[in-house]
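Working notes for the structure below.
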Amino acid sequence: MAVRSTAAPPTPWSRSLAEAQIHESAFVHPFSNIIGDVHIGANVIIAPGTSIRADEGTPFHIGENTNIQDGVVIHGLEQGRVVGDDNKEYSVWVGSSASLTHMALIHGPAYVGDNSFIGFRSTVFNAKVGAGCIVMMHALIKDVEVPPGKYVPSGAIITNQKQADRLPDVQPQDRDFAHHVIGINQALRAGYLCAADSKCIAPLRNDQVKSYTSTTVIGLERSSEVASNSLGAETIEQVRYLLEQGYKIGSEHVDQRRFRTGSWTSCQPIEARSVGDALAALEACLADHSGEYVRLFGIDPKGKRRVLETIIQRPDGVVAGSTSFKAPASNTNGNGSYHSNGNGNGYSNGATSGKVSAETVDQIRQLLAGGYKIGTEHVDERRFRTGSWNSCKPIEATSAGEVVAALEECIDSHQGEYIRLIGIDPKAKRRVLESIIQRPNGQVAPSSSPRTVVSASSASSGTATATATRLSTEVVDQVRQILGGGYKLSIEHVDQRRFRTGSWSSTGAISATSEREAIAVIEASLSEFAGEYVRLIGIDPKAKRRVLETIIQRP
């Protein structure tokens, strides 16, 4: 049943407009607008509030059994055409049995294949969506060809072909949802046709039919799927958790050369109020800095500190997400628990979690980011004096969470012994870090509280110094190892404001040749830069690269 709308308003193209060709079995609602050379196939439903204007770009084709829902806009540019399934050129081609849902925008040149589903408020512009694709809500598809049978999640922004090629395949539950929506609109079409037929509508009006409301909840979308094409599901879960906890979100980028020195540069500030806005801002940062490292961080605006740092893109591509991140059930508190994630990063508030300190987790993260291998060794008190260490089970893990689990297993197996963490350069086949993480009297205290006075001449240490030091025994061990390995030491500092941008300032290399002199210089730096972040740097003078970065003082 074809219904003609009111006359089109005058435009520069009005004089040469062709008449729309509408199949007699199609239903076009009186409150819709169809202008120009539009071919509408059999059993099509055009709902109220739609605007199909083939005046500037022309012609349009809408295949049989397609339903176009309320508020859909189909328009085309004067230039640009797509090739339809009949090998003719069209400004817009919509195939058979397709579904364009509420408020969708199809702007030509555009192609939507057979049995495709375009979700609410999604936009297709200068693009081709293959047959059998499902596009969920609020998505943008522009300047790409989406292969057939692909799933575009809600909020996705697909603007380059690499993104389109990486899209996941449609799953059965996605088809079920699309068929559910299409079924409702086919029922509407039958209802509209019945309403126009007095013989059909009269008996229904005379019947007293009790209405009911279904309590069944339809699964609208795959909750575990990627809700953004460029970002993993795990990153999205982290963003959602941070926003729910009232934290701010930021992002930083750095090229491969500066990554070694930790010279991160902030991306554009993210003022997002919703997950969708935050994801869009992150994707913009990824697009602007492809081929670089990009990391996401969360900020506690009250404590003015970071609660999360995780790398979401590496130069060889986006970090593959996993489902290992689990948002805590309650707000983060003072215990500063560490949460591992599939990107090989974690976040901590400076205390301990389980059997591994937050400082050890930071060291693990730095070693993995530098491409180093990680190992562990243990020794009892008697053999500690002779340095007869034994290796624990080899660690083949590539993420911080897996390494932490392996460390905890080693700690459980060798309670009452010394255990140390080893960083190994697989290319040079040498050690870049040796750090004791457990002593017979318990776990090594983290160095996140630089004000604590710790004696370096502890009975459990194999080497004694003449004076007490503000540094923790772990930092003293690191200084000893760096000097013993022939490396240089340096100090960097930064205030709280510049810490967010990673703008560290160096005090220059420490020229000390003995452990005592180096500790004295480090303590002088801590006093000079009280109230700032201070980190210790180990430098390989031959390879001219850093072998250690560890924060030894916080504000």
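Using N, Cα and C of the backbone, Cβ positions are placed for all residues, glycine too.
Note that this is a predicted model, so its numbers are computed, not measured.
Record features, source Swiss-Prot:
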- 1-209: region 'Has carbonic anhydrase (CA) activity' (REGION)
- E56: active site, proton donor/acceptor (ACT_SITE)
- H75, H102, H107: Zn(2+) binding site (BINDING)
- C194-C200: disulfide bond (DISULFID)
- 223-315: region 'RbcS-like repeat 1, SSUL1' (REGION)
- 323-351: region 'Disordered' (REGION)
- 347-440: region 'RbcS-like repeat 2, SSUL2' (REGION)
- 441-464: region 'Disordered' (REGION)
- 460-555: region 'RbcS-like repeat 3, SSUL3' (REGION)
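The structure, with features from Swiss-Prot marked on it.
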residue	record	Cβ within 10 Å
E56	active site, proton donor/acceptor	17
H75	Zn(2+) binding site	21
H102	Zn(2+) binding site	16
H107	Zn(2+) binding site	19
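Of all the binding-site residues listed here (H75, H102, H107), H75 has the Cα closest to the Cα of E56 (active site, proton donor/acceptor). Across the region 'RbcS-like repeat 1, SSUL1' (223-315), DSSP assigns 30 helix, 27 strand, 36 coil. H102 (Zn(2+) binding site) falls outside any helix or strand according to DSSP and counts as coil.
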